[in-house]
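Record features, source TrEMBL:
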type     : residues : note
TRANSMEM : 12-35    : transmembrane segment
TRANSMEM : 55-83    : transmembrane segment
TRANSMEM : 104-123  : transmembrane segment
TRANSMEM : 156-189  : transmembrane segment
TRANSMEM : 210-230  : transmembrane segment
TRANSMEM : 250-271  : transmembrane segment
Amino acid sequence: MGGCQIDPNPDIIGIGIRISIYILSLASPLISFFLQSAELSGSIESSLGVTGLALFLTTVVQTALGGIALFHALCVLHLLGLVGISFRPKGHYPPSVARTTTFLALYVVAVSGSLIYFIYVFANARNFGNKPECNPDTKYVLFGVDIQATNTVIRWIFVAMFAMLALGFIIWLVLLSGAACCMALDCGWGRSRSSRRNDRDSGLGADDELYASGFIRMLGRLGASIYMMVMLELMIRRNDLLPTIKEWTFGQVLAMSMLIGPLVDFASLLLGKVKTNPSDNFLGSGGGGGGFEASVARGRFSMPERQ
C-alpha cells in the first residue's frame with residue numbers, strides 16, 4: 001500500500017468538519033430529552049440538515065470533477081448517517097400549501113439523490129473514484145472488523161439495502177399523498193384522531209410511558225451516533241492516507257462556525273433560566289414595546305426609556 005496513498009481531502013472529512021458534526025449529533029438527542037427546548041432542538045436540527053445537504057452536494061460535485069476516491073464516499077456515508085439531510089426553516093411562519101409543497105419536493109429530491117448516489121457507489125465500487133487502483137486496498141470497518149471495500153458480497157448487500165430504503169421512501173410518499181388527500185376531503189379522521197388522543201391522555205401512566213419511550217429513543221440515537229463516529233475514526237486510521245488529513249482549511253473553519261447558532265441558542269436558554277431579584281421586574285415592564293427582553297430579542301441592546 002506504500003504506493004497507493006489516498007489524498008484525504010480535508011474539505012470533506014477534515015478534523016474540523018468531523019468535530020462539528022460529532023458535537024451536533026451528540027447534542028441533539030440529549031438536549032431534546034433533557035432540556036425539551038423546541039427552539040434549541042430546532043436550531044440544532046436545522047444546522048445538522050444544512051450541514052448534511054452541503055456535504056452531499058460537495059461530494060456529488062467532487063465526484064463529477066474526479067476529486068474523491070471510494071474511501072471518501074464511505075466516509076461521507078457515515079457522516080450523512082450522523083447529520084441526515086433536511087430542509088427545516090428555523091422561524092415560525094403561517095401554514096402555506098406552497099411552502100410545504102416546495103420544501104417537501106426539495107427534501108424528496110435530496111433524499112432520492114443520496115440513495116441513488118450510494119447505490120451507484122457500491123455497484124461500481126471496483127472502478128469508482130479518481131484512484132480505482134487503490135479501491136481493492138480500501139478498508140471499510142464494520143463493527144470493528146476490517147472488510148475489503150470492493151468485497152462482492154458486502155457491496156451488493158449495501159446496494160440491496162439502499163434499494164430497499166428507496167422503495168420504502170416511495171411507499172412513504174404514496175401514503176403521505178393519500179393522507180393529505182384524505183385530510184383535504186375530510187375523511188372523518190379528525191374525530192377519530194381526537195377520540196384516540198383523549199383515550200390516551202386519560203389513561204393511567206401516560207406520562208411515564210412517554211418518558212420511557214423518549215428515554216429509549218434518546219439512547220438509541222446516541223448509540224447509533226457513537227457507532228457511526230467510532231467506525232469512521234477507525235476507517236480513517238486503518239486506511240493509508242496522506243498526512244494532509246490534519247490540515248485545517250477554510251471548509252473546516254466554516255463547518256465549525258455552524259456551531260455558533262446552536263451555541264447562542266443554548267446560552268440564551270440557560271440565561272433565561274437565571275433567577276432575578278423582584279426589584280429587577282421593571283426591566284420587563286418598561287417602554288419600547290415589551291421592555292428590555294423584547295428589545296434584546298429585536299437586537300436593541302439599549303435600556304428602555306422610563307415613561
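Even glycines carry a Cβ here, placed using N, Cα and C.
If one looks beyond the transmembrane segment (250-271) by at least 6 residues along the same chain, the residues whose Cβ comes under 8 Å of a Cβ in the stretch are 10-12, 14-17, 19-21, 23-24, 27, 31, 35, 37, 39-40, 43-44, 46-47, 50-51.
Within its own chain, the transmembrane segment (55-83) is flanked in space by residues 6-9, 11-13, 17-18, 21-22, 24-25, 48-49, 110, 113-114, 117-118, 121, 125, 128-132, 134-135, 138, 140, 149-150, 224-225, 228-229, 231-232, 235-236, 239, 241, which lie at least six positions past its ends and keep a Cβ under 8 Å from the stretch.
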